[in-house]
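In what follows, a structure is listed as structure tokens, so that the remarks can point back to it.
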Amino acid sequence: MASYQVPIENKLPMPHQEPLRKRIKSPKDIAERLLFLIIAIVLIYVPQVPMSVVLVLKKRGTLASTPLYIALFALMIALYIGAVWLMRFLIHRYTDQPLVRRWEKRDALYVVLGYLAMFGAKLILLPFYTSISGEQLTKNDAVIRGMLKDGNQIIFMIVFMTVIAAPILEEMVFRGYVMTAFYTRNPIWPILISGVLFGLVHQNNNIAGTLIYVALGAILAYVYRRTGNITVNIGLHFLNNAPMIFMALQFIK
């Protein structure tokens, strides 16, 4: 009796299988991917412009209009949505694998283990950073904490950016795009590239501060390599940034 087999091209790859990716074929292909990487990194900063405008207006004492603040906040949200949409387009230029899939039981385990690994990395590397800089907070965290003192309007924008928008957009850039466009069978290089880029885009004043974010980025990259599900990474990134909510509560007036 003849059996019917589903054509392999119609099967969705499971996280542990080789994903359907478009390989680098020429120097021109490399240049294109690098150009899109630059665009992707710029996309991280563009949605932050409205918040910078709010900061400038507050320091000048000219942000008295609530409608103006609401308009700038709405623009910030719209820019993040646009950036996420564009990143989805860029990622799918190089893979047929869906970014979002239903979670498996092991995905939740990766979130827990990933969070513990990130917590451990900070526990080990922060004393090294403190011994060099004399500061308890990394420059990135110190900048955010300083902005939280500028009032409720900035607080709400920072919480939205760090807890909601950043986990989504940064994971799409540094895991979704980088680990797809520059994929290799050897997992080490994509994980290292993703981690280093993640460390470099976060504001730091010395190598020790950068190393903290490189380690965090590498852990997130490893989780993505194992699961192939961007929502798992977003969930893990959210958990890592969630304490910002409690920090922000201290400054709400």
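The backbone N, Cα and C atoms fix where each Cβ goes, glycine too.
The shown structure was predicted, so the numbers you read here are calculated from the model rather than taken from an experiment.
Residues or ranges marked as transmembrane segment in TrEMBL: 30-48, 68-87, 108-132, 152-170, 182-201, 207-224, 231-252. Annotation comment: TrEMBL describes 155-242 as domain 'CAAX prenyl protease 2/Lysostaphin resistance protein A-like'.
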Interface-richest range of 68-87, 152-170, 182-201, 231-252 toward the transmembrane segment (108-132), CB pairs under 8 Å: 231-252
Residues of the domain 'CAAX prenyl protease 2/Lysostaphin resistance protein A-like' (155-242) by DSSP state, where helix covers H, G and I: 74 helix, 0 strand, 14 coil
